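The following block contains the structure, expressed as structure tokens.
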Amino acid sequence: MKEIELNSDSLEIYEKSASEKLNKKDLVDLWNLDLKNLLDISYSLKKLFNKEKIDLCSIMNAKSGVCSENCIFCSQSKHNSSKIDTYELKSKEEILKNAKSVEKYSNRFSIVVSGKSVTDLEFENIIESIEEIQNKTKLKVCVSLGLLNKDKLKALKEKNVRIHNNLETSENYFKNICTSHDYIDKIKVILEAKKMGLEMCSGGIFGMGESVADRVDLLLDLKKLDVDSVALNLLNPICGTRIYDKINSGEFIEINHTDALKSICIARIALPKKVIRLCGGREHVLKDMQKYSLYVLDGLMIGNYLTTNGQNIQSDLKMIDEMGFKQ
């Protein structure tokens, strides 16, 4: 692995980050640094807290489309007009088959469903799928099931699964991307899950027209909530979504690879001790620059995403190996 010698200014930021003494202004001001400095600071923090490993996870879109919520970025929302496959909850046999297909590569497998929440019958079937995966694979199981009540959270705690619930963006900016539910609804679920002792993965999407300050506010909320894993996504605008139209009209500017990498670095510096995982949109935004994100990250989502294709898994494994990291 490469050796880094930080200059005095970068060393000061590194030390403040390591001792978690950076405030919002400090983090926003990081945007003024060049990318190389941010990568050097981030890599130094990664080596300090999370070593040289890249943890791999995969997801399955187990129920697709016709979502009641009006998130402007989501191709599964019935308020958008994206042409995607729609289907009800997959059978436990199909879910298990999908899990087994990635077991060789992934450490975690997440069952993801569209919609604000799940019905009681869907939840019962998902619990059965969790048991199947736990009994027949070595995978750790995660679920992304929307806004869950206490009884469902308790049942998931008994199965020792990790809950995923993205905040998506800052509280201040949330109304610009969704009005059918509130930011606080997500916060309440995360707080209740943490109270019950469930592991929590949460994060957001960079590139939806938000400011750098909004990105920092999101990161500071994740820090305050003490989530276990931070899932970062880069907007891949899908035809038929309202955000796609906003980008095409020039209302929003699509995030570029430099801004994306700088944002990921700021996440590392804001949350030095957390698992930072890069998920959807990395292929679309970063392209050949993906390899540099490994200096910042602790994890990658591999395989396909919800309604878009991911990079070939073998290409990801080769990239990790060539950059000198371990799985």
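Just so it is clear, glycine is given a Cβ too, placed from its N, Cα and C backbone atoms.
The domain 'Radical SAM core' annotation in Swiss-Prot covers 49-282. The [4Fe-4S] cluster binding site annotation in Swiss-Prot covers C67, C71, C74 and is backed by sequence analysis. Feature annotation from Swiss-Prot assigns [2Fe-2S] cluster binding site to S110, C142, C201, R277.
Help me picture these features in the structure, burial and contacts included.
Averaged across the domain 'Radical SAM core' (49-282), pLDDT in this predicted model comes to 96.
A sphere of 10 angstroms centred on the C-beta of C71 ([4Fe-4S] cluster binding site) encloses 23 other C-beta atoms.
Long-range Cβ neighbours of R277 ([2Fe-2S] cluster binding site) (same chain, at least 6 residues apart, Cβ-Cβ under 8 Å): D55, C57, C201, G203, S229, V230, A231, L232, L297, D298, G299, L300, M301.
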Would you identify which of the binding-site residues S110, C142 has the most other C-beta atoms lying within 10 angstroms of its C-beta?
S110
Could you tally the C-beta atoms, other than its own, that fall within 10 angstroms of the C-beta of C67 ([4Fe-4S] cluster binding site)?
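Excluding its own Cβ, C67 ([4Fe-4S] cluster binding site) sees 22 Cβ atoms within 10 Å.
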For the recorded [2Fe-2S] cluster site formed by S110, C142, C201, R277, name the remaining residues of the chain with Cβ within 8 Å of the site's Cβ center, in chain order.
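After dropping the recorded site residues, what remains is C57, I59, R108, S144, R162, H164, S229, A231, M301.
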What is the number of other Cβ atoms found within 10 Å of the Cβ of C201 ([2Fe-2S] cluster binding site)?
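The answer is 24 other Cβ atoms.
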